[in-house]
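A.B. asks: Pasting a structure here, questions to come.
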């Protein structure tokens with residue numbers, strides 16, 4: 001009987017112990033979570049205070065810089081008289097571009113928004129006009145390189161509020177805010193509201209900073225490609241339409257009258273550079289001037305779009321020879337072959353031919369094409385694409401051990417091709433060299449060809465104004481994908497031909513807004529790996545402490561499970577000790593005499 005009450009009493013005590021333990025653990029958990037949250041808030045406040053201090057320092061520096069602007073502008077006016085002969089690097093503002101065609105599918109730069117500033121990564125897009133990015137409070141935005149822009153952190157931000165129909169520039173009033181809405185040809189759409197703030201461009205080569213106020217779009221909804229891109233926003237570089245929101249590039253040159261209204265883009269396989277105020281002659285390939293003269297002489301002797309002087313195929317040692325020559329390049333603007341921009345607000349130019357092995361495969365007399373750094377690939381009409389693809393397919397050999405297939409290609413004659421080539425022998429030589437060097441080719445999605453090497457692949461030649469033929473090398477119209485080089489051409493969409501990034505690559509594309517013209521100069525563009533990009537306080541850190549991202553209910557359950565596990569172990573241990581004390585083994589009740597008998 002006594003044992004029974006003892007057992008009951010112990011289990012009651014044990015139950016109380018379990019209850020108190022669970023209550024204690026749960027409260028400790030909540031307290032710890034609150035402490036973590038408070039620490040995060042304190043860190044955020046400290047960062048905000050540091051940002052404000054930085055902003056005050058920047059304002060002081062701006063005042064000092066503004067005092068020197070008058071003196072510098074006077075010097076600029078004197079220097080501008082000699083700028084027609086030479087572009088001085090000190091007068092240029094250079095900005096590093098990051099990204100590539102394969103992994104990112106775009107190139108982007110970093111600019112500062114607000115006072116104190118918050119860094120935002122923006123895709124460089126000459127095919128659009130808006131400057132926009134996600135803002136704090138957006139529930140339909142993706143995870144990008146930086147956290148959404150926080151308007152409350154900036155002392156200079158101002159939302160563009162409205163009352164039914166008083167929005168400027170013909171904008172719509174939605175929810176007492178002027179609506180921002182942008183649609184793109186690939187199907188992406190973003191919308192939100194407009195706000196104004198200070199835009200600052202920190203140049204890596206020039207201590208002076210370009211800064212001005214700009215009306216920008218705050219994303220409250222993203223979809224399609226924008227939802228999954230790594231860069232935070234978009235920076236449009238096209239021109240202002242009548243009665244439209246003033247664009248970035250127009251405001252930039254309006255607030256820096258000392259600069260020439262010229263900018264250039266130079267991208268390599270990884271990264272590149274944006275140059276404001278001119279272009280960089282030092283990047284020109286050393287034999288560029290010789291090439292232009294040679295091409296002009298070739299064009300003067302051409303007939304009906306076919307070049308009479310033999311255009312060589314891309315050779316393995318071309319780049320080595322170009323770099324080894326020590327030829328002085330003239331910096332005179334007159335040596336650059338300019339192309340007129342054919343439309344008012346976007347960068348369209350006319351092309352008059354596209355040559356492959358000396359044969360013009362374009363069936364139209366001319367074609368308007370958009371020069372667009374926001375498009376990854378170059379989009380051409382379907383008939384031109386099919387012609388190029390036909391010849392590249394012949395040069396694409398999947399299995400070097402398939403003797404039947406190889407012999408079949410080697411037996412091709414010029415008459416058996418869809419369109420005879422002017423330099424058919426060069427085509428056959430390239431095919432033989434590809435086979436001999438085992439330049440294997442594979443096909444990826446949508447039949448896109450990829451070669452292991454650029455060797456013996458053909459150059460393309462684009463005919464521009466004044467019958468000037470510009471070389472388009474495989475290192476440009478193909479892009480690096482792991483250990484292969486893949487075709488960067490696609491069929492046009494919505495009847496809109498585009499010269500995309502695969503045309504920009506390894507060229508300095510110069511936009512002269514004063515003369516309304518564009519030039520393409522083969523250049524050795526700088527490389528900037530994304531891994532070398534400076535870090536910032538407002539970046540999105542993917543490797544944060546995982547426990548800070550777990551919800552409180554999940555964290556509570558985790559602690560509860562741990563507590564129950566510990567308590568269960570204690571119960572089993574106490575139970576074992578209890579039975580050992582109150583229920584001794586039968587052998588323990590026997591006397592020593594009984595055991596001996």
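Glycine too: its Cβ is placed from the backbone N, Cα and C atoms.
Values in this document were obtained by computation on a predicted structure and should not be read as measured data.
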A.B. asks: Quick check on the annotations: Swiss-Prot lists transmembrane segment for one of 552-572, 573-593. Which range is it?
C.D. replies: 552-572
A.B. asks: Give the range, chosen from 32-57, 58-83, 84-109, that Swiss-Prot lists as region 'Disordered'.
C.D. replies: 58-83
A.B. asks: According to Swiss-Prot, which stretch among 254-288, 289-323, 324-358 corresponds to the feature region 'Disordered'?
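C.D. replies: Result: 289-323 is the stretch Swiss-Prot calls region 'Disordered'.
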A.B. asks: Say we define neighbours as other CB atoms within 10 Å of the CB. Which of the active-site residues 125, 372 has the fewest?
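C.D. replies: Comparing Cβ neighbours within 10 Å for the active-site residues 125, 372, 125 has the fewest.
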